[in-house]
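What Swiss-Prot says about this protein:
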MOTIF     1-4  motif 'MREI motif'
BINDING   Gln11, Glu69, Ser138, Gly142, Thr143, Gly144, Asn204, Asn226  GTP binding site
BINDING   Glu69  Mg(2+) binding site
REGION    424-445  region 'Disordered'
COMPBIAS  429-445  compositional bias 'Acidic residues'
MOD_RES   Glu438  5-glutamyl polyglutamate
Amino acid sequence: MREIVHIQAGQCGNQIGAKFWEVISDEHGIDPTGSYHGDSDLQLERINVYYNEAAGNKYVPRAILVDLEPGTMDSVRSGPFGQIFRPDNFVFGQSGAGNNWAKGHYTEGAELVDSVLDVVRKESESCDCLQGFQLTHSLGGGTGSGMGTLLISKIREEYPDRIMNTFSVMPSPKVSDTVVEPYNATVSVHQLVENTDETYCIDNEALYDICFRTLKLTTPTYGDLNHLVSATMSGVTTCLRFPGQLNADLRKLAVNMVPFPRLHFFMPGFAPLTSRGSQQYRALTVPELTQQMFDSKNMMAACDPRHGRYLTVAAIFRGRMSMKEVDEQMLNVQNKNSSYFVEWIPNNVKTAVCDIPPRGLKMSATFIGNSTAIQELFKRISEQFTAMFRRKAFLHWYTGEGMDEMEFTEAESNMNDLVSEYQQYQDATADEQGEFEEEGEEDEA
């Protein structure tokens, strides 16, 4: 089987990671003790992608839980599926990273990283054929961002030919618990650009807006945001977890989605949007699902796809529905909105259908877009970064852990280059070959 090793780092990473395992265990018919109580062979056919089979027909998540303080992992352990994880795979420190990227990357995190890599090796060695790694983390704090990116680069060194996939939560002033989030996020993106193959940008700004505007929650909690994240993560991993033809492993997904190696930041979307614990009264039709899925209000990144163009798109429909209708609707969207898809990648929209819907829904659709509009997210963080950096505010916390100001300057310019690259391909047409090779000549768009 083609296995994936899952790593969750930091408070946010552990919380969305724990939710992810709750949701997919439920979908695969696995209870909190790891026993199977399902009703369909489809649930077990590719169970080995995410679970190890242990003695007594127990299924154990191939998950590694990492943090620099014990608190969050204690609450995962005492949570609904806390007992399903392998106890040896909890790796934690005591000091905390204090929302400081440098502590996670260079000091505290660097001390813990080898014990994490031991567990990574152990899990990888017991795999039949490892396809790659997925990391859940946030970019705003210290551990998920600093130590998360340290782990990525160490794993990259040791497993250069395996796919590295991240679910990265982007910070937003609307749900902020730290002033230095733009610093942590910028130096993290600097790492992700170079060291990951696929990054799902899960943007707190967008999650907050969905809860507030669409779900009419006046004071959204992290629990509400994480409900949306787990629905999205379940959706984008459907093709990996259930039998099917399209994007059935991480590498095939990357080949379909990433036309240029640096431009691997995806905008996820989901339909229908529901709040926690709510039941759906009426199943949506395929046209409604398709229309909602492409709507900017359903995007998990606070970017408007209409401000950019799609390089590539993958769509996953779940539930019992007519394949013919799905194909018609997807063509319909492309024909009506052809100006929003780059014309120099023909057939750049791929669709998969999986029979098993998520819990509580008759059918759902998940959207993965590689859109040039994602530059709006990077611009937002870059502006916040620059505002503080030009005054050198809070820098002493980072230089005190041995970081150099140059690192900040480099990260800033790398992010601005990324924005320019997206802009360059947004403006590119099919007939002007040879004018842009690799580098965008303009400084900043």
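Just so you know, glycine gets a Cβ as well, placed from its N, Cα and C.
Here the binding-site residues are Gly142, Gly144, and the one with the most other Cβ atoms within 10 Å of its Cβ is Gly144. Set side by side, the binding-site residues Gln11, Ser138, Thr143, Asn204 differ in how many other CB atoms lie within 10 angstroms of their CB, and the most is found at Thr143. Classification of Ser138 (GTP binding site) by DSSP places it within a strand. Annotation note: Glu69 (GTP binding site) sits in a coil segment as assigned by DSSP. Annotation for Asn226 (GTP binding site): spatial neighbours Gln15, Ile16, Lys19, criterion Cβ-Cβ under 8 Å with sequence separation of six or more.
Within the same chain, residues at least 6 positions away in sequence whose Cβ sits under 8 Å from that of Glu69 (GTP binding site) are Phe92, Gly93, Gln94, Ser95, Gly96, Ala97, Thr143. Of all Cα pairs drawn from Gln11, Glu69, Ser138, Gly142, Thr143, Gly144, Asn204, Asn226, which the record names as binding GTP, the longest spans 23 Å.
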